[in-house]
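Asks: Take this structure, written in C-alpha coordinates, and hold onto it; I'll ask about it next.
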Amino acid sequence: MLRCARLPQPGETVHGEDFRTAPGGKGANQAVAAARLGGRVEFIGCVGDDAFGTEARTALEREGVGTTHLRTRADVPTGVAMILVEQSGQNSIALAAGANACLDLAQVDDAAAAIAGASLLVCQLESPLDAVRHAIGIARRHGVLVLLNPAPAQTLPPALLAEVDILVPNESEAALLVGADAPREPTALALALKAQGPDTVIVTLGEDGICLADPDGVRLRAAPAAKAVDTTGAGDTFIGAFAVALQEGQGTDSAAAFAQRAAALSVARHGAMASMPTRDECESAR
Ligand code: ATP
(Lines of atoms letter the chains of each structure in order from A and count residues from 1; the text may use other names and numbers.)
(Lines give C-alpha, C1' and ligand atoms only; values in the text may rest on other atoms or scores of the structure.)
Protein backbone atom coordinates (compact mmCIF):
# COMPACT_ATOMS: atom_id res chain seq x y z
CA MET A 1 0.00 0.00 0.00
CA LEU A 2 1.25 3.45 -0.93
CA ARG A 3 -0.33 6.75 0.07
CA CYS A 4 -0.43 9.60 -2.48
CA ALA A 5 -2.03 13.04 -2.64
CA ARG A 6 -4.16 11.87 -5.57
CA LEU A 7 -4.38 8.73 -7.72
CA PRO A 8 -2.23 8.87 -10.89
CA GLN A 9 -3.87 9.21 -14.32
CA PRO A 10 -2.86 6.61 -16.96
CA GLY A 11 0.78 7.28 -17.93
CA GLU A 12 1.33 9.67 -15.03
CA THR A 13 3.75 9.27 -12.11
CA VAL A 14 2.88 10.74 -8.74
CA HIS A 15 4.91 10.82 -5.54
CA GLY A 16 3.74 8.66 -2.67
CA GLU A 17 4.76 7.94 0.90
CA ASP A 18 4.14 5.62 3.82
CA PHE A 19 4.70 2.37 1.86
CA ARG A 20 3.72 -0.71 3.83
CA THR A 21 2.68 -4.33 3.28
CA ALA A 22 -0.10 -6.11 5.13
CA PRO A 23 -1.96 -9.39 4.70
CA GLY A 24 -5.31 -9.08 2.91
CA GLY A 25 -7.40 -10.31 0.00
CA LYS A 26 -11.18 -10.24 0.05
CA GLY A 27 -11.66 -13.69 1.54
CA ALA A 28 -9.06 -13.22 4.28
CA ASN A 29 -10.36 -9.74 5.08
CA GLN A 30 -13.95 -10.96 5.35
CA ALA A 31 -12.84 -13.88 7.52
CA VAL A 32 -10.91 -11.59 9.87
CA ALA A 33 -13.76 -9.06 10.03
CA ALA A 34 -16.13 -11.85 11.09
CA ALA A 35 -13.74 -13.48 13.56
CA ARG A 36 -12.87 -10.17 15.24
CA LEU A 37 -16.57 -9.58 15.82
CA GLY A 38 -17.00 -12.98 17.46
CA GLY A 39 -17.89 -15.21 14.48
CA ARG A 40 -16.62 -18.79 14.16
CA VAL A 41 -14.86 -18.93 10.80
CA GLU A 42 -13.20 -21.64 8.71
CA PHE A 43 -11.18 -20.35 5.77
CA ILE A 44 -10.80 -22.24 2.46
CA GLY A 45 -8.01 -20.96 0.23
CA CYS A 46 -4.38 -21.17 -0.95
CA VAL A 47 -1.19 -19.25 -0.29
CA GLY A 48 2.30 -19.63 -1.74
CA ASP A 49 5.30 -20.97 0.19
CA ASP A 50 6.73 -17.49 0.71
CA ALA A 51 6.89 -14.70 3.27
CA PHE A 52 3.48 -13.26 2.22
CA GLY A 53 1.90 -16.70 2.58
CA THR A 54 3.37 -17.18 6.05
CA GLU A 55 2.21 -13.71 7.05
CA ALA A 56 -1.32 -14.38 5.77
CA ARG A 57 -1.59 -17.69 7.65
CA THR A 58 -0.22 -16.11 10.84
CA ALA A 59 -2.65 -13.18 10.58
CA LEU A 60 -5.65 -15.50 10.16
CA GLU A 61 -4.59 -17.74 13.04
CA ARG A 62 -3.92 -14.77 15.32
CA GLU A 63 -7.54 -13.71 14.78
CA GLY A 64 -8.85 -17.19 15.55
CA VAL A 65 -9.79 -18.05 11.93
CA GLY A 66 -9.60 -21.81 11.27
CA THR A 67 -6.88 -22.62 8.71
CA THR A 68 -7.33 -26.39 8.35
CA HIS A 69 -8.42 -25.75 4.74
CA LEU A 70 -5.81 -23.09 3.92
CA ARG A 71 -3.33 -24.89 1.67
CA THR A 72 0.29 -23.82 1.04
CA ARG A 73 1.41 -24.35 -2.57
CA ALA A 74 5.12 -24.61 -3.30
CA ASP A 75 4.73 -23.92 -7.04
CA VAL A 76 3.09 -20.46 -7.06
CA PRO A 77 3.51 -17.16 -5.20
CA THR A 78 0.92 -15.85 -2.75
CA GLY A 79 -1.67 -13.58 -4.38
CA VAL A 80 -0.90 -9.87 -4.01
CA ALA A 81 -2.71 -6.56 -4.46
CA MET A 82 -1.06 -3.19 -5.18
CA ILE A 83 -3.19 -0.56 -3.43
CA LEU A 84 -2.91 3.21 -3.87
CA VAL A 85 -4.82 5.36 -1.39
CA GLU A 86 -5.35 9.07 -2.06
CA GLN A 87 -5.91 11.80 0.53
CA SER A 88 -9.71 11.70 0.14
CA GLY A 89 -9.65 8.04 1.27
CA GLN A 90 -10.47 6.70 -2.23
CA ASN A 91 -8.32 3.81 -3.42
CA SER A 92 -7.31 2.05 -6.61
CA ILE A 93 -6.17 -1.58 -6.70
CA ALA A 94 -4.37 -3.99 -9.11
CA LEU A 95 -4.34 -7.71 -8.29
CA ALA A 96 -2.15 -10.75 -9.14
CA ALA A 97 -4.10 -13.89 -8.19
CA GLY A 98 -1.07 -16.15 -7.60
CA ALA A 99 -2.01 -19.06 -5.32
CA ASN A 100 -5.63 -17.85 -5.09
CA ALA A 101 -6.11 -19.22 -8.62
CA CYS A 102 -5.09 -22.71 -7.43
CA LEU A 103 -8.12 -23.36 -5.26
CA ASP A 104 -9.62 -26.35 -7.09
CA LEU A 105 -12.61 -28.65 -6.79
CA ALA A 106 -10.63 -31.34 -4.95
CA GLN A 107 -9.64 -28.87 -2.25
CA VAL A 108 -13.25 -27.72 -1.93
CA ASP A 109 -14.28 -31.39 -1.62
CA ASP A 110 -11.77 -31.80 1.20
CA ALA A 111 -13.59 -28.97 2.99
CA ALA A 112 -17.07 -30.39 2.26
CA ALA A 113 -17.73 -31.38 5.89
CA ALA A 114 -16.82 -27.88 7.09
CA ILE A 115 -19.17 -26.33 4.50
CA ALA A 116 -21.98 -28.76 5.32
CA GLY A 117 -21.64 -28.06 9.04
CA ALA A 118 -21.66 -24.27 8.68
CA SER A 119 -24.65 -21.98 9.05
CA LEU A 120 -23.44 -19.73 6.22
CA LEU A 121 -21.06 -20.02 3.25
CA VAL A 122 -19.47 -16.70 2.22
CA CYS A 123 -17.84 -16.60 -1.23
CA GLN A 124 -16.09 -13.91 -3.26
CA LEU A 125 -14.55 -13.96 -6.73
CA GLU A 126 -10.85 -13.70 -5.97
CA SER A 127 -11.28 -17.49 -5.76
CA PRO A 128 -11.77 -19.33 -9.10
CA LEU A 129 -15.38 -19.35 -10.26
CA ASP A 130 -15.57 -23.13 -10.69
CA ALA A 131 -14.39 -23.64 -7.09
CA VAL A 132 -16.93 -21.08 -5.89
CA ARG A 133 -19.72 -22.84 -7.80
CA HIS A 134 -18.66 -26.19 -6.39
CA ALA A 135 -18.68 -24.86 -2.82
CA ILE A 136 -22.11 -23.30 -3.40
CA GLY A 137 -23.39 -26.64 -4.70
CA ILE A 138 -22.21 -28.41 -1.52
CA ALA A 139 -23.76 -25.70 0.67
CA ARG A 140 -27.11 -25.95 -1.11
CA ARG A 141 -27.22 -29.72 -0.86
CA HIS A 142 -26.85 -29.35 2.92
CA GLY A 143 -29.29 -26.46 3.36
CA VAL A 144 -26.49 -23.99 4.20
CA LEU A 145 -27.25 -20.32 3.47
CA VAL A 146 -25.07 -18.87 0.66
CA LEU A 147 -23.79 -15.28 0.59
CA LEU A 148 -21.91 -14.18 -2.55
CA ASN A 149 -19.88 -11.00 -2.77
CA PRO A 150 -19.43 -10.79 -6.60
CA ALA A 151 -16.11 -8.97 -6.35
CA PRO A 152 -13.85 -8.27 -8.16
CA ALA A 153 -16.56 -7.37 -10.69
CA GLN A 154 -17.28 -9.93 -13.39
CA THR A 155 -20.28 -11.20 -15.29
CA LEU A 156 -21.73 -14.46 -13.95
CA PRO A 157 -23.79 -17.31 -15.38
CA PRO A 158 -27.47 -16.58 -14.53
CA ALA A 159 -27.78 -20.08 -13.03
CA LEU A 160 -25.24 -19.14 -10.38
CA LEU A 161 -27.18 -16.11 -9.15
CA ALA A 162 -30.22 -18.33 -8.80
CA GLU A 163 -28.27 -20.49 -6.31
CA VAL A 164 -27.31 -17.55 -4.08
CA ASP A 165 -29.44 -16.59 -1.08
CA ILE A 166 -27.79 -13.25 -0.34
CA LEU A 167 -25.95 -11.19 -2.96
CA VAL A 168 -23.80 -8.27 -1.76
CA PRO A 169 -22.25 -6.28 -4.64
CA ASN A 170 -21.10 -2.67 -4.65
CA GLU A 171 -22.68 -0.38 -7.26
CA SER A 172 -20.28 -1.11 -10.12
CA GLU A 173 -20.40 -4.87 -9.52
CA ALA A 174 -24.21 -4.70 -9.44
CA ALA A 175 -24.34 -2.73 -12.71
CA LEU A 176 -22.05 -5.23 -14.46
CA LEU A 177 -24.21 -8.15 -13.31
CA VAL A 178 -27.41 -6.50 -14.52
CA GLY A 179 -25.85 -5.77 -17.92
CA ALA A 180 -25.82 -3.10 -20.61
CA ASP A 181 -29.19 -1.55 -19.75
CA ALA A 182 -28.58 -1.52 -15.98
CA PRO A 183 -30.57 1.21 -14.23
CA ARG A 184 -28.50 3.85 -12.39
CA GLU A 185 -31.00 4.16 -9.55
CA PRO A 186 -29.82 1.85 -6.67
CA THR A 187 -33.31 0.61 -5.81
CA ALA A 188 -33.93 -0.41 -9.44
CA LEU A 189 -30.49 -2.02 -9.56
CA ALA A 190 -31.12 -4.05 -6.40
CA LEU A 191 -34.56 -5.15 -7.66
CA ALA A 192 -33.15 -6.14 -11.06
CA LEU A 193 -30.64 -8.40 -9.30
CA LYS A 194 -33.21 -9.81 -6.93
CA ALA A 195 -35.28 -10.77 -9.99
CA GLN A 196 -32.36 -13.01 -11.03
CA GLY A 197 -32.83 -15.28 -8.01
CA PRO A 198 -31.27 -14.15 -4.70
CA ASP A 199 -33.71 -13.76 -1.83
CA THR A 200 -31.81 -10.77 -0.54
CA VAL A 201 -29.70 -8.24 -2.42
CA ILE A 202 -27.66 -5.56 -0.67
CA VAL A 203 -26.00 -3.05 -2.98
CA THR A 204 -23.35 -1.17 -0.98
CA LEU A 205 -23.15 2.51 -1.91
CA GLY A 206 -19.96 3.66 -0.15
CA GLU A 207 -20.56 6.72 2.02
CA ASP A 208 -24.20 6.75 0.83
CA GLY A 209 -24.89 3.49 2.70
CA ILE A 210 -26.77 0.54 1.23
CA CYS A 211 -29.80 -0.40 -0.82
CA LEU A 212 -31.44 -3.54 0.53
CA ALA A 213 -34.01 -5.60 -1.40
CA ASP A 214 -35.57 -8.66 0.21
CA PRO A 215 -39.04 -10.23 0.46
CA ASP A 216 -40.09 -7.26 2.66
CA GLY A 217 -39.40 -4.79 -0.16
CA VAL A 218 -36.63 -2.42 -1.11
CA ARG A 219 -35.14 0.36 1.05
CA LEU A 220 -32.17 2.69 1.27
CA ARG A 221 -30.23 2.90 4.53
CA ALA A 222 -27.87 5.84 5.05
CA ALA A 223 -24.37 5.08 6.37
CA PRO A 224 -23.51 6.22 9.89
CA ALA A 225 -21.42 9.41 9.77
CA ALA A 226 -17.69 8.68 9.62
CA LYS A 227 -14.54 10.69 9.07
CA ALA A 228 -13.16 8.53 6.26
CA VAL A 229 -9.38 8.32 5.99
CA ASP A 230 -9.10 5.00 4.11
CA THR A 231 -12.01 3.03 2.64
CA THR A 232 -9.87 -0.05 1.84
CA GLY A 233 -11.70 -3.07 3.20
CA ALA A 234 -14.97 -1.25 3.97
CA GLY A 235 -16.92 -3.70 1.82
CA ASP A 236 -15.12 -6.68 3.38
CA THR A 237 -15.83 -5.39 6.88
CA PHE A 238 -19.48 -4.97 5.94
CA ILE A 239 -19.68 -8.57 4.68
CA GLY A 240 -17.83 -10.13 7.62
CA ALA A 241 -20.00 -8.23 10.10
CA PHE A 242 -23.22 -8.98 8.23
CA ALA A 243 -22.33 -12.70 8.19
CA VAL A 244 -21.69 -12.74 11.94
CA ALA A 245 -24.98 -11.00 12.70
CA LEU A 246 -26.89 -13.45 10.47
CA GLN A 247 -25.10 -16.37 12.10
CA GLU A 248 -26.34 -15.06 15.45
CA GLY A 249 -29.90 -15.10 14.18
CA GLN A 250 -30.39 -11.36 13.60
CA GLY A 251 -32.83 -10.38 10.86
CA THR A 252 -31.64 -8.76 7.65
CA ASP A 253 -32.27 -5.14 8.72
CA SER A 254 -30.63 -5.55 12.09
CA ALA A 255 -27.67 -7.44 10.57
CA ALA A 256 -27.25 -4.75 7.90
CA ALA A 257 -27.31 -1.99 10.52
CA PHE A 258 -24.64 -3.84 12.53
CA ALA A 259 -22.55 -4.25 9.37
CA GLN A 260 -22.90 -0.56 8.51
CA ARG A 261 -21.67 0.40 11.98
CA ALA A 262 -18.68 -1.91 11.61
CA ALA A 263 -17.85 -0.58 8.12
CA ALA A 264 -18.16 3.05 9.23
CA LEU A 265 -15.70 2.38 12.06
CA SER A 266 -13.28 0.76 9.60
CA VAL A 267 -13.14 3.70 7.16
CA ALA A 268 -12.09 6.04 9.97
CA ARG A 269 -8.82 4.10 10.37
CA HIS A 270 -6.02 3.17 8.00
CA GLY A 271 -5.57 -0.29 6.50
CA ALA A 272 -7.89 -3.20 5.75
CA MET A 273 -7.56 -5.85 8.48
CA ALA A 274 -5.92 -3.27 10.73
CA SER A 275 -8.97 -1.01 10.55
CA MET A 276 -11.63 -3.62 11.35
CA PRO A 277 -13.44 -3.03 14.63
CA THR A 278 -13.88 -5.31 17.62
CA ARG A 279 -17.28 -6.30 18.98
CA ASP A 280 -16.99 -3.82 21.84
CA GLU A 281 -16.26 -0.95 19.45
CA CYS A 282 -19.26 -1.91 17.35
CA GLU A 283 -21.59 -2.13 20.33
CA SER A 284 -20.43 1.26 21.66
CA ALA A 285 -21.10 2.85 18.23
CA ARG A 286 -24.85 2.20 18.56
P1 ATP B 1 -13.92 -1.55 -0.78
O2 ATP B 1 -13.66 -2.23 -2.10
O3 ATP B 1 -13.19 -0.25 -0.62
O4 ATP B 1 -13.73 -2.46 0.40
P5 ATP B 1 -16.66 -1.61 -1.60
O6 ATP B 1 -16.71 -0.86 -2.88
O7 ATP B 1 -16.75 -3.10 -1.64
O8 ATP B 1 -15.44 -1.15 -0.72
P9 ATP B 1 -18.42 0.31 -0.40
O10 ATP B 1 -19.78 0.36 -1.01
O11 ATP B 1 -17.46 1.38 -0.75
O12 ATP B 1 -17.84 -1.15 -0.64
O13 ATP B 1 -18.56 0.32 1.19
C14 ATP B 1 -19.19 -0.73 1.90
C15 ATP B 1 -19.96 -0.15 3.06
O16 ATP B 1 -19.04 0.53 3.93
C17 ATP B 1 -20.98 0.90 2.67
O18 ATP B 1 -22.23 0.32 2.32
C19 ATP B 1 -21.08 1.72 3.96
O20 ATP B 1 -21.97 1.08 4.86
C21 ATP B 1 -19.65 1.65 4.50
N22 ATP B 1 -18.90 2.86 4.10
C23 ATP B 1 -18.09 3.02 3.04
N24 ATP B 1 -17.60 4.28 2.99
C25 ATP B 1 -18.11 4.93 4.06
C26 ATP B 1 -18.01 6.26 4.58
N27 ATP B 1 -17.27 7.18 3.97
N28 ATP B 1 -18.69 6.56 5.70
C29 ATP B 1 -19.45 5.64 6.35
N30 ATP B 1 -19.59 4.36 5.90
C31 ATP B 1 -18.95 4.01 4.78
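Placement of Cβ uses the backbone N, Cα and C atoms for every residue, glycine included.
In case it's useful when we look at the structure, here is the feature table from TrEMBL:
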- ASP236: active site, proton acceptor (ACT_SITE)
- GLY25, LYS26, GLY27, ALA28, ASN29, GLU126, ASP236: substrate binding site (BINDING)
- ASN170, THR204, LEU205, GLY206, GLU207, ASP208, GLY209, GLY235, ASP236: ATP binding site (BINDING)
- ASP230, THR232, SER266, ARG269, GLY271, SER275: K(+) binding site (BINDING)
- 10-279: domain 'Carbohydrate kinase PfkB' (DOMAIN)
- MET1: site 'Important for substrate specificity' (SITE)
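Buried or exposed, and what's around them? Tell me for each listed feature.
Replies: Look at ASP236 (active site, proton acceptor): DSSP puts it in a helix. ASP236 (active site, proton acceptor) counts 28 other C-beta atoms within 10 Å of its own C-beta, drawing on all protein chains shown.
In the three-state DSSP scheme, ASN29 (substrate binding site) falls into the helix class.
Under 8 Å, Cβ to Cβ, and six or more positions away along its own chain, GLY209 (ATP binding site) finds LEU220, ARG221, ALA222, ALA223, GLN260.
Long-range Cβ neighbours of SER266 (K(+) binding site) (same chain, at least 6 residues apart, Cβ-Cβ under 8 Å): ALA33, GLY233, ALA234, THR237, SER275, MET276, PRO277.
According to DSSP, MET1 (site 'Important for substrate specificity') sits in a coil region rather than a helix or strand.
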Asks: So what sits near ASP230 (K(+) binding site) in its own chain, CB-to-CB under 8 Å and at least six residues off in sequence?
Replies: VAL85, GLY89, ASN91, VAL267, ARG269, HIS270, GLY271, SER275
Asks: Find the one among the recorded positions MET1, GLU207, THR232 whose C-alpha lies closest to that of ASN29 (substrate binding site).
Replies: THR232
Asks: Could you list the residues of the same chain, at least six apart in sequence, whose Cβ is under 8 A from the Cβ of ASN170 (ATP binding site)?
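Replies: Looking at Cβ-Cβ distances below 8 Å from ASN170 (ATP binding site), excluding near sequence neighbours, one finds ALA151, VAL203, THR204, LEU205, GLY206, GLY235.
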Asks: Just how many other Cβ atoms lie inside 10 Å of the Cβ on LYS26 (substrate binding site)?
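Replies: LYS26 (substrate binding site): 24 neighbouring Cβ atoms within 10 Å.
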Asks: Taking DSSP three-state, what's GLY209 (ATP binding site) in: helix, strand or coil?
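Replies: DSSP call for GLY209 (ATP binding site): coil, neither helix nor strand.
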